[in-house]
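Q: This is the structure, below, for whatever I ask next.
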Ligand code: 48F
């Protein structure tokens, strides 16, 4: 059968815009496709919620591809290993409480599992702002403002577009970008000790890993922080190349939001 380039174009446009249109009113929008965002996205989509994940880069995976310092092996602690094995990522026990996995296998499989669970992935798409509304007298995040990453990178003066979302997960890692934008542009008080972003502290893996999960919560009505962004928001430590806390944070934020969505 001869190939018609115009039909190829039509197939791309139809496929993409069907996905886009079904994302106009989301249950959950996730910003950032690192280990925490991917895990949260997969678990929420598995429960049947309308979930989309926005990733600035072309590839999903955030900081997990390179293990530690490009030595592409990841380490997780025992209590989080199920979040790798549940999706078929082989792990090997190392000493008592540690497990290792191939960083590339882990990254690609977490991404694949999220896609196959029904997450609508928009890669090459940056979230540049949020939508704020007053609901019952309380300001709340009700959507996201997105723009194509090449537009952002080239500094082109092109307006973004807007999608609605019942909940937003800030999973942008160390940068905590969405939250910084919210605080910079608006007179708002976060659910943190100072009411602002506390910032990240230096390396202390043991405390940081526990705190990542504790700090995974609703920081502003409608907006949850997960992964490294949770510690950067609440003023805890960095943990370096151990990824269990990221996975457990994704699991926690998914459970908390699912409970709220189920009412
Ligand atoms: O940094 P990242 O992997 O986030 P994470 O899930 O995991 C952190 C670990 O990788 C590691 C660590 C502990 O082991 O400290 O750093 O918390 O992934 C964050 C993703 O968000 C994307 C960014 O490109 C990256 O892939 N991102 C950041 N800002 C935006 C964004 C934005 N405004 N819009 C879309 N994507």
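The backbone N, Cα and C atoms fix where each Cβ goes, glycine too.
Taken from TrEMBL, the feature NAD(+) binding site covers 36, 55, 56, 63, 127, 157, 158, 159, 228. According to TrEMBL, the Fe cation binding site annotation covers 159, 174. Feature annotation from TrEMBL assigns glycine binding site to 238.
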Q: Just checking: which of the binding-site residues 56, 158, 159, 228 have a C-beta under 6 Å from ligand 1?
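A: Only 56, 228 qualify.
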Q: Near residue 36 (NAD(+) binding site), which residues of its chain come within a Cβ-Cβ distance under 8 Å, counting only those 6 or more away in sequence?
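A: Set apart from residue 36 (NAD(+) binding site) by at least 6 residues yet with Cβ under 8 Å, we have 171, 226, 227, 228, 229, 246, 247, 249, 250, 253.
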Q: Drop a 10 Å sphere on every Cβ of the binding-site residues 127, 158, 228 and tell me which sphere holds the fewest other Cβ atoms.
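A: Output over binding-site residues 127, 158, 228: least Cβ neighbours within 10 Å is 158.
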Q: Run through the Cβ atoms and count how many others sit within 10 Å of the one on residue 56 (NAD(+) binding site).
A: 20
Q: Starting from residue 174 (Fe cation binding site), work out which of the binding-site residues listed here (56, 127, 158, 238) have their Cα within 10 Å, and give them in sequence order.
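A: So the list reads 238.
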Q: Taking every protein chain in this structure into account, which of the binding-site residues 159, 174, 238 has the most other Cβ atoms within 10 Å of its Cβ?
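A: It comes out as 238.
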Q: Rank aside, I only need the closest one: which of the binding-site residues 56, 127, 238 has its C-alpha nearest to that of residue 159 (Fe cation binding site)?
A: 127
